[in-house]
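One structure is given below, encoded as structure tokens.
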2 protein chains.
Amino acid sequence: MRTVQLTVFWCFLVWMPGALGWSAMNGVLWPQPQKVIRSAEAFTLPRSGFRIEHGPGSAAGANCSVLQNAFRRYYLLILPRRVGVNHVKSSRKSLLRLLVSVKTAKHCAEYPNLGDSEAYHLVVQQENATLTADNVWGALRGLETFSQLVSEANDGSLIVNKTIIDDFPRFSHRGLLLDTSRHFLPLYILFQNLDAMSYNKFNVLHWHIVDDPSFPYQSVMFPELSNKGAYNPATHIYTQMDVAAVNEYARLRGIRVVPEFDTPGHVQSWNKGQPGLLTKCYAGTKPTGSYGPVNPVLNSTYNFMKRFFTEISHVFHDHYIHLGGDEVDFSCWRSNPVIKDFMAKMKFGTVYRKLESFYIKRILDIVTANKKGYLVWQEVFDNNVTLKADTVVEVWKNPHFDVELSRVTATGFRAVLAAPWYVNVIGYGQDWRRYYMMDPQNFKGSEAQKKLVVGGEACIWGEYVDATNIMHRLWPRASAVAERLWSDGSVNNTTKAYPRLASHRCRMLMRGIPAQPLFVGFCEQEYTGGWAKR
Amino acid sequence: MRTVQLTVFWCFLVWMPGALGWSAMNGVLWPQPQKVIRSAEAFTLPRSGFRIEHGPGSAAGANCSVLQNAFRRYYLLILPRRVGVNHVKSSRKSLLRLLVSVKTAKHCAEYPNLGDSEAYHLVVQQENATLTADNVWGALRGLETFSQLVSEANDGSLIVNKTIIDDFPRFSHRGLLLDTSRHFLPLYILFQNLDAMSYNKFNVLHWHIVDDPSFPYQSVMFPELSNKGAYNPATHIYTQMDVAAVNEYARLRGIRVVPEFDTPGHVQSWNKGQPGLLTKCYAGTKPTGSYGPVNPVLNSTYNFMKRFFTEISHVFHDHYIHLGGDEVDFSCWRSNPVIKDFMAKMKFGTVYRKLESFYIKRILDIVTANKKGYLVWQEVFDNNVTLKADTVVEVWKNPHFDVELSRVTATGFRAVLAAPWYVNVIGYGQDWRRYYMMDPQNFKGSEAQKKLVVGGEACIWGEYVDATNIMHRLWPRASAVAERLWSDGSVNNTTKAYPRLASHRCRMLMRGIPAQPLFVGFCEQEYTGGWAKR
């Protein structure tokens with residue numbers, strides 16, 4: 001090895017005493033549940049005969065789409081099809097059934113909401129294991145945990161130890177931000193990520209769907225937005241069917257889809273299909289031909305936004321829409337004579353943050369009228385825009401995000417932390433350890449304030465990733481964030497986490513997620529990229 | 001975009017004025033040839049009818065495996081199979097044939113050698129284009145260039161401009177180091193990389209096949225080396241057939257395969273199947289149970305090495321074997337009483353570099369007796385080991401590689417530069433620009449010294465890469481090194497290179513290499529990862 005980085009040597013030392021290879025299915029859990037009691041006693045899952053079924057007392061039954069779909073999915077993950085593996089005679093007792101019971105079936109045909117229970121109670125015992133949960137979302141989390149408990153013995157049989165697990169998430173918003181504007185991400189990448197998210201108990205897809213470079217969302221009301229603003233309107237777009245498919249694929253995994261339509265900045269691509277929406281920039285008395293943020297002084301702007309966000313409110317089903325509001329550059333507004341007149345008329349002086357707030361307030365009102373809540377980037381809060389009580393403020397600025405968390409929660413708003421988890425910003429070595437050490441409640445504030453931090457997000461901005469590299473760059477690095485957001489705060493030792501995460505990574509490979517290696521070593525079943533295993 | 005890195009903004013500015021998308025087949029050349037004259041006149045390649053054939057005066061014919069294989073390969077690359085593309089009537093004249101002529105057919109059934117001519121002369125004219133070269137290696141380079149010249153017009157026809165190209169490489173050793181010990185790389189990854197290398201005119205695969213963590217090479221003489229030293233002797237090994245397949249796959253692309261068997265350090269995995277080969281480390285008077293470098297004081301060591309390297313000399317066909325010799329840690333030797341006795345007997349005092357040189361000298365003699373040449377890492381030169389005149393010294397240490405290049409070439413040895421091109425060491429942003437700016441002849445020395453720098457290598461050490469992520473991490477970042485090593489030294493402007501490299505990356509995608517994006521944008525044909533294009 002010819003690198004001078006000390007971290008490498010240090011990691012090597014950590015790694016050397018352990019095993020070189022990580023079994024892909026060895027019963028390791030990720031993220032770590034709140035409470036686990038495992039016994040040495042093990043049961044066999046018969047490859048023919050094992051079933052996942054509704055428990056006798058469950059409120060849900062065969063018409064519960066979420067559970068029916070999950071039973072099949074986890075059956076296939078737990079009992080992968082293999083050629084040549086026959087029934088193995090074992091002296092162990094058999095586990096014949098996992099019985100899944102929920103107290104209410106009301107979410108079976110609904111979308112998950114921020115704050116919904118995801119708690120579950122799992123008892124693996126002979127001969128029926130039981131999984132009980134408040135609702136189907138908790139059942140999904142428990143199914144994932146159960147699937148992770150099952151491992152393959154040397155004789156080819158599937159085994160699971162006698163286990164009792166009580167589990168619930170530490171935070172209720174555990175998000176992943178995907179950016180489909182800087183590079184278009186095909187649907188299969190969104191689906192693959194939703195799968196990977198479910199394997200890591202993430203529950204929010206923050207879909208940063210449009211931005212400056214391209215507008216791939218195909219609007220019904222304003223089709224010219226993508227006709228003119230997409231990289232290629234024939235191939236680089238999300239149709240209404242696509243969005244519906246993503247919403248449903250996510251729902252079946254208990255994952256919320258929160259779309260972001262960021263304004264008034266980050267909107268260059270909007271102007272192509274909606275001319276006049278953006279502010280014309282001036283040099284002296286003449287337009288330069290370039291455009292700045294949304295033009296906030298025209299009625300046409302708000303007429304458009306009202307129709308546009310009304311569509312969005314119906315197309316996306318989560319209670320929340322992310323309205324952006326970050327990084328607004330005032331220089332173009334300052335150059336424009338009509339904007340300057342408006343500033344004078346409104347008595348804003350030269351404080352363009354007041355103009356920004358004026359704009360944002362009206363957008364918030366539009367969204368509120370559609371009975372939706374909103375998330376905003378921290379600038380909206382920083383600029384003292386009046387916000388609804390259920391607003392969630394997303395904190396993204398480094399390095400003083402702890403101060404910002406204090407401020408946001410002191411005002412009584414809920415916060416989501418993204419700043420330390422910009423996983424697009426890669427570095428050499430095991431940067432997952434840095435992500436893992438961050439704690440969203442590590443700031444000065446009361447217990448009540450700490451509780452207002454509802455979670456965090458791993459963000460992978462799209463400058464340098466597309467379908468070629470986004471999967472391995474995200475996984476398993478985002479898994480570190482997943483455990484931080486689910487498990488107890490005391491689960492924060494990277495040395496202890498390493499072998500579990502390495503094993504979890506091999507399991508993701510087995511499940512078709514091309515997660516990259518943490519460090520030197522191997523998986524029993526390596527990635528084959530669709531090639532024959534040779 | 002929420003990143004504070006200035007580079008990003010700078011790149012954005014560079015990129016904004018240009019096109020957002022890069023046509024995958026727009027006739028862009030990479031690496032840039034030495035001399036190109038392109039005319040506006042264009043010809044059509046009829047989708048049925050165009051042929052690549054031996055020229056009438058060529059020394060090679062239908063029994064030349066290298067060219068026959070290349071003709072088929074490039075025919076498929078130039079005329080990809082498409083559904084629904086019919087013959088397009090065009091007013092343009094047709095180009096019916098590419099006639100390929102070589103002055104000698106002697107390499108048709110041979111392996112390439114360091115210093116073999118790769119020059120070619122390409123004339124694209126109506127109605128027969130001609131490609132002439134000294135030998136088949138030059139013909140291969142010219143075929144790649146011709147394939148890059150062909151682009152697809154909007155009407156679906158394939159067009160190529162009237163062009164004259166005179167081309168040859170600036171450096172004769174243009175290598176890529178792959179490390180198959182820290183992570184095993186399956187055969188298909190080696191093949192994919194050999195394909196990508198040919199698209200970038202690389203001509204040396206430096207196969208760092210074994211190292212501390214694992215020993216995947218399956219030796220005929222010493223099968224226990226991989227039986228005990230591989231991660232998994234059933235799956236994580238290279239059989240003799242595999243090595244032969246890699247050698248031949250490379251040969252057909254004019255690529256040398258230089259295996260590295262690094263000793264006396266980096267050998268932990270050897271001891272498992274060859275007990276007694278390594279030095280026992282001591283604490284005081286007792287062995288600690290751990291091992292250091294190869295034990296250089298035993299006859300059994302040299303008996304083993306003689307038999308082992310004799311096998312290697314036959315299994316690999318290149319004139320050169322890389323013998324390593326880097327990063328030898330003396331602490332274990334210092335602790336061992338038998339080694340200390342030997343040091344005293346040899347009058348080495350406590351200068352363990354003398355012991356290292358003693359060892360290396362004997363290994364060099366073994367390889368020389370097998371009529372092979374060798375490459376070594378720079379430490380071997382630094383330690384004043386007596387080297388054969390044809391030795392190539394590989395310079396890898398940062399940051400003063402220019403000083404080392406001066407020293408090595410001043411002594412009359414040839415040098416290969418790797419130091420600035422450790423592409424495994426990733427950072428955020430467009431690090432290809434840094435690789436691109438490096439010049440292997442940018443050191444203090446005479447013209448004669450400069451000429452002794454025979455090339456360079458892009459190295460991707462295996463700590464953090466395996467089959468999941470190595471392809472996109474390498475490509476197109478290694479392409480920057482490829483152009484530096486092939487094109488004239490004056491071709492070094494990253495702003496000019498950017499659109500060509502972005503386009504070349506899209507072309508690699510089209511050809512099945514999952515090269516990652518350089519920055520914001522898109523390709524007309526995106527990576528589909530084997531999924532249906534939807």
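In case you wondered, yes, glycine gets a Cβ from its N, Cα and C as well.
Among the features that TrEMBL reports, signal peptide is placed at A:1-21. The domain 'Beta-hexosaminidase eukaryotic type N-terminal' annotation in TrEMBL covers A:29-149. For A:C64-A:C108, A:C281-A:C332, A:C506-A:C523, the entry in TrEMBL reads disulfide bond. Feature annotation from TrEMBL assigns domain 'Glycoside hydrolase family 20 catalytic' to A:171-488. Feature annotation from TrEMBL assigns active site, proton donor to A:E327.
Here the Cα atom of A:E327 (active site, proton donor) is found 39 Å from that of A:C506 (disulfide bond). For chain B, the nearby recorded positions by a Cβ gap under 8 A, listed in sequence order, are A:E327, drawn from A:C281, A:E327, A:C332, A:C506.
Remark: A:C108 (disulfide bond) has A:A60, A:N63, A:C64, A:S65, A:V66, A:L67, A:V136 as non-local neighbours, by Cβ distance under 8 Å and separation of at least 6 in sequence.
Counting only the Cα atoms, the space from A:C332 (disulfide bond) to A:C506 (disulfide bond) is about 50 angstrom. Remark: of the disulfide-bonded residues A:C64, A:C281, A:C506, the most isolated position is A:C281 (fewest other Cβ atoms within 10 Å of its Cβ). DSSP assigns A:C506 (disulfide bond) to a helix. Following the DSSP three-state reduction, the secondary structure of the residue listed as 'active site, proton donor' is coil. The two recorded residues, A:C506 (disulfide bond) and A:C281 (disulfide bond), have Cα atoms 52 Å apart. Least packed by the Cβ count within 10 Å, out of the disulfide-bonded residues A:C332, A:C523, is A:C332. Between the C-alpha atoms of A:C281 (disulfide bond) and A:C523 (disulfide bond), the distance comes to 56 Å. DSSP states for the domain 'Beta-hexosaminidase eukaryotic type N-terminal' (A:29-149), grouped as helix (H, G, I), strand (E, B) and coil, give 28 helix, 34 strand, 59 coil. Within 10 Å of the C-beta of A:E327 (active site, proton donor) there are 14 other C-beta atoms, taking all protein chains into account.
A:C281 (disulfide bond) carries a strand DSSP state (E or B). The average pLDDT computed over the domain 'Beta-hexosaminidase eukaryotic type N-terminal' (A:29-149) stands at 92.
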